[in-house]
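Positions annotated as domain 'SH3' by Swiss-Prot, on the basis of sequence analysis: 12-71. As annotated by Swiss-Prot, N-acetylserine applies to S2. Annotation comment: Swiss-Prot describes S202, S213 as phosphoserine. Marked as repeat 'ANK 1' by Swiss-Prot: 72-101. The feature repeat 'ANK 2' is assigned by Swiss-Prot to 105-135. Feature annotation from Swiss-Prot assigns repeat 'ANK 3' to 139-168.
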Amino acid sequence: MSKPPPKPVKPGQVKVFRALYTFEPRTPDELYFEEGDIIYITDMSDTNWWKGTCKGRTGLIPSNYVAEQAESIDNPLHEAAKRGNLSWLRECLDNRVGVNGLDKAGSTALYWACHGGHRDIVEMLFTQPNIELNQQNKLGDTALHAAAWKGYADIVQLLLEKGARTDLRNNEKKLALDMATNAACASLLKKKQGTDAVRSLSNAEDYLDDEDSD
């Protein structure tokens with residue numbers, strides 16, 4: 001009886017490594033990669049042979065080689081976002097690296113893309129259907145706080161258009177508006193908060209009208 005196929009890896013469970021040496025396959029099933037290549041391990045169910053992808057090719061790698069001859073990359077999506085490396089970010093997403101993973105600071109890749117002013121990275125992350133806009137890190141800051149603090153009005157606008165919340169306060173009780181370092185960011189945030197306030201008031205009036213009509 002053949003053993004069942006391994007379960008597909010869930011996003012975020014992919015392990016990512018950077019090869020320290022070139023690996024020459026001995027069989028057609030094995031994966032060739034060179035020193036410095038990024039390897040995405042998608043199946044570790046076999047203790048001796050792991051399934052991995054490198055440069056669009058998939059194959060088997062001896063697990064002991066990865067353990068001894070490769071460097072683990074803990075937060076590859078975050079690293080790509082910080083550097084503004086769009087091709088690496090796209091490769092991470094194509095290989096099912098989790099889009100909402102948190103680093104040691106509790107920040108998402110989106111936070112770092114906004115912090116660095118990398119508009120193309122932000123737009124690429126927005127193509128992911130489950131992207132979390134309002135995740136607060138250990139300081140309580142969101143991606144919107146980061147963009148406002150660094151003065152990237154174009155990214156503030158992108159976040160607001162996507163539906164980012166303006167009412168979240170960080171650990172210092174500051175809104176993104178309080179963190180804004182230029183007039184353009186402050187203006188966008190004030191306008192959005194004003195629109196939200198009017199909408200909330202309108203909803204409250206509609207609710208009261210409904211109560212009166214009962």
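Keep in mind that glycine also has a Cβ here, set from the backbone N, Cα and C atoms.
For the domain 'SH3' (12-71), the number of residues in each DSSP class (helix H, G, I; strand E, B; coil) is 7 helix, 28 strand, 25 coil. Helix, strand and coil counts under DSSP for the repeat 'ANK 1' (72-101) come to 17 helix, 1 strand, 12 coil.
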